[in-house]
């Protein structure tokens, strides 16, 4: 599993976490940092062993290169010689060797499918696997599409073999799509065959007259991806009819002409595959504001393109991508609202058109200093949402407890906002916020104002290195602190807990919660 070195996230002791499976790191030798790897890739040294040539690699050839000093790995159809990278891999050589001489795509996806390996390993590229590519069908070939819909008998033929092999899951039916037009508009309709589809399950991008519409259905992704046959306006509308699971995307024509077909089918069009097997898609977003929140944490607000529909679900994260010294570096961050108080600051843009992040700047890091150097008006690439937190976990919850350390507070922002505005069963939501000093507390004033305004909300601050004037709680997460904090509103009330912070904080917190008789079903840990 190719885990590209990272200094900024999750750095040792970092508090900004995402929800995924954990992994172990091994100490790297001196001179084996990410910057050292980038310098090596730019040194001109032949890292492939092929003296600059690219080859087609058969399965038989790939299997031969399965030793530490001669290790080839296939990721998503491309073969890399990762022998030079062995000493730079923070997950250790043994992790890389698990995929030696084989297809490592699944192992790679288990941990860091978001890593931009194409950029990080481009100087190690040996070539492509010798696999006959699928021939894409367009609207002018063979089977004609009537209003975008094939007869059911032909539907399976349009899916790539690797897609049909994984579908359908027993409790999921493959979605389908149709389209129709008026003189001024084109409407694409996706039939998800699932109820309770919400707007944040739909991601739409219009780029250079190609339409990419993704519907996230449970743990699968359905994609409509076409090169439109005619030009359309960049503004469009998205509507979800939740009770029948129907999605409507309405495009406005630039010219009042009759379309003979929707357009040419592009990569993975009409596919329905597990979300973990999909690649990340990025769109360029513009930085519109940047303001200090604490001495080392800033609030970055980005504007989405007008031709994008993207709403990040509660408790989920996205990936930010920047070019650093010529290499593309990707880091995960959890979006937040621009304020905890609706009238604290009037938003300058529609909430559906901008996305904000609370990000701690690490002066010695690689990514965050580069991010901090961005000027208003500059652009940064933002992926679609990722993460396994579902608001369905909060159904009928009466007592919600949030445990956060440092910037582990970020996923709690949307959870807190959702709880206070959408949970009719909620009696109490309590936040215990751990920091080093008073100066490190993010949005302290807003949290205190919210507690005064909202009778269901309480916040407690805990400092590990307080000033002599501090009158609040002190120390680190402990059984004594949690026992006092985790008081239910009634003896049999339904409770749920979220915890996020540095890995040792989260691990210890979950252990203590188990000791206090909270079950796994009552706990969600945002861990890296």
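Each residue, glycine too, has its Cβ placed from N, Cα and C.
Between the stretches 1-29, 30-58, Swiss-Prot puts its region 'Disordered' entry on 1-29. Across the structure, residue 404 (FAD binding site) and residue 89 (heme binding site) are spaced 30 Å apart at their Cα atoms. Classification of residue 379 (FAD binding site) by DSSP places it within a strand. In the three-state DSSP scheme, residue 89 (heme binding site) falls into the coil class.
Per DSSP, the secondary structure of the domain 'CS' (172-263) breaks down as 3 helix, 55 strand, 34 coil. A separation of roughly 30 Å, to the nearest angstrom, links the Cα atoms of residue 379 (FAD binding site) and residue 89 (heme binding site).
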